[in-house]
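So that you can see what the record holds, here are the features copied from TrEMBL:
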{"type": "TRANSMEM", "residues": "6-25", "note": "transmembrane segment"}
{"type": "TRANSMEM", "residues": "32-55", "note": "transmembrane segment"}
{"type": "TRANSMEM", "residues": "75-95", "note": "transmembrane segment"}
{"type": "TRANSMEM", "residues": "102-121", "note": "transmembrane segment"}
{"type": "TRANSMEM", "residues": "127-147", "note": "transmembrane segment"}
{"type": "TRANSMEM", "residues": "173-204", "note": "transmembrane segment"}
{"type": "TRANSMEM", "residues": "326-347", "note": "transmembrane segment"}
{"type": "TRANSMEM", "residues": "353-375", "note": "transmembrane segment"}
Amino acid sequence: MTSKEIIMGLCLLSLVLSMILMVIIRYISRVLVWILTILVILGSLGGTGVLWWLYAKQRVSASAVETQIAKDNLQALLIYAISATVFTVILFLIMLIMRKRVALTIALFHVAGKVFIHLPLLVFQPFWTFFVLILFWTYWITVLLFLGTTGSPVPNEEGFVEFRMLGPLKYMWWYHVVGLIWISEFILACQQMTVAGAVVTYYFTREKRNLPFTPILASVNRLVCYHLGTVAKGSFIITLVKIPRMILMYIHTQLKGKENACARCMLKACICCLWCLEKCLTYLNQNAYTATAINSTNFCTSAKDAFVILVENALRVAAINTVGDFMLFLGKVLIVCSTGLAGIMLLNYQRDYTIWVLPLIIVCLFAFLVAHCFLSIYEMVVDVLFLCFAIDTKYNDGSPGREFYMDKVLMEFVENSRKSMKEAVRGGGAEGRELKPMLAYHLDGRVFVTAETISCKSLWSKFILKLASHIGTH
């Protein structure tokens, strides 16, 4: 209570810092990516080197004192060093493969910043969602209190009155709990659909000056009129996965200390698998909502289309979800650290309160919550932009009548990719490969290439080109 003004001021500071970071992150995204890459390389090399150095040092000391503990420690260090080496090699290979796809992540972050400039109401989406969730949770608790006092009042042995429910009322608790999970997921899915609809409108509008006056309200209107069933189905699928996981967690808590090791391991494995399935379905649902906003198709069709697009761009998805998510995590850490540092400096002048731990914990938790809410919207915008970009490049090639809808930054990325492919083809010709003109024809908006006119000295290259002709390429 003594430092309540400082706590409220620091919470407001975290809110302002989150909004500022969402604006400037598009200007520092390239710097953040390179800093992240350097830190990962130095950290992995340094950690592996330290483990091998400790192993060599322990081996010298263990030769002088031969005890079982020293041997166990030496063996453990050897295992750790080998594991770190394997991890470092795999990490370097992944970074080598994905180095060119990091440029797409940077471009998407840059365009996402422009989206927030043209659609400033996106910044306030967490407020509306939180407000609706608070209203629903208040209603849910009120109904829960009514359920707790239904039934027949019966005095117990201690002199108190118990309300014993009979008949179908016994099962209303389960219905109420399922409703809590489903409608909470439904409200969050409505937010995802609203953001997706607004960003899709921005992306596929060539002249940004012709955007609707309020794309957010237009997206809400489309959601209410046409897509509530899609959102309800997607949130219900998440509910079907979340409820069994919660039941298993409850069983694991009740049996703690009673079950054997095998049962405990099986329970934890099932909980982990359901958690992974829930995360995958949540990500697929979000992309399905984007596909619905683009094509106005039902949930199952949109989910299938989104899944096909994600599989076709698997490496790009991996780059965005690793580099992009870590960049946003660094943004959350930056906001929490800045707010905590400001709290320490302010509390240093508050002589009436000598213990700073509780105010700092409250402020840092609130700062992380606020940063997570705002940057999760940013992450959502980046994911929607990526799916729009993938669909744009799949059905358009920049030729007359099939012009791209994408931003100039993404256009530069596409042009650079094409230049890299042309250079690779020229390099392949220098090695003795002879590529003759390919015959292309159009069918249902797709471009197919035949390989009858391709001659190549390498049998493996001939096989790859023949396979590409059957698959079809742009």
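Cβ coordinates are placed from backbone N, Cα and C, and glycine is handled just like the others.
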(message) Quick check: do the transmembrane segment (6-25) and the transmembrane segment (127-147) share at least 3 Cβ pairs under 8 Å, counting only pairs 6+ apart in sequence?
(response) no
(message) So, taking each listed stretch (75-95, 102-121, 127-147, 173-204) in turn and counting its Cβ pairs to the transmembrane segment (32-55) that are under 8 angstroms, which one gives the highest count?
(response) 75-95
(message) Can you work out which residues elsewhere in the same chain, 6+ from the ends of the transmembrane segment (127-147), have a Cβ less than 8 Å from its Cβ atoms?
(response) 169, 172-173, 176, 179-180, 183-184, 187-188, 190-191, 373
(message) Using a Cβ cut-off under 8 Å, which residues of the same chain at least 6 positions beyond either end of the transmembrane segment (102-121) come close to it?
(response) 22-27, 29-30, 33, 37, 198-199, 202, 208, 211, 214-216, 316, 319-320, 323-324, 327, 378, 381-382, 385-386, 389, 407, 409-410, 412-413, 416
(request) Would you mind listing the long-range same-chain contacts of the transmembrane segment (173-204), meaning Cβ under 8 Å and 6+ residues beyond its ends? (result) 115, 118-119, 122, 125, 128-129, 132-133, 136-137, 140, 143-144, 147, 211-212, 215-216, 218-220, 222-223, 227, 230-232, 234-236, 238-239, 242-243, 246, 285-286, 289-290, 292-294, 377, 380-381, 384-385, 388-389, 392, 405-406
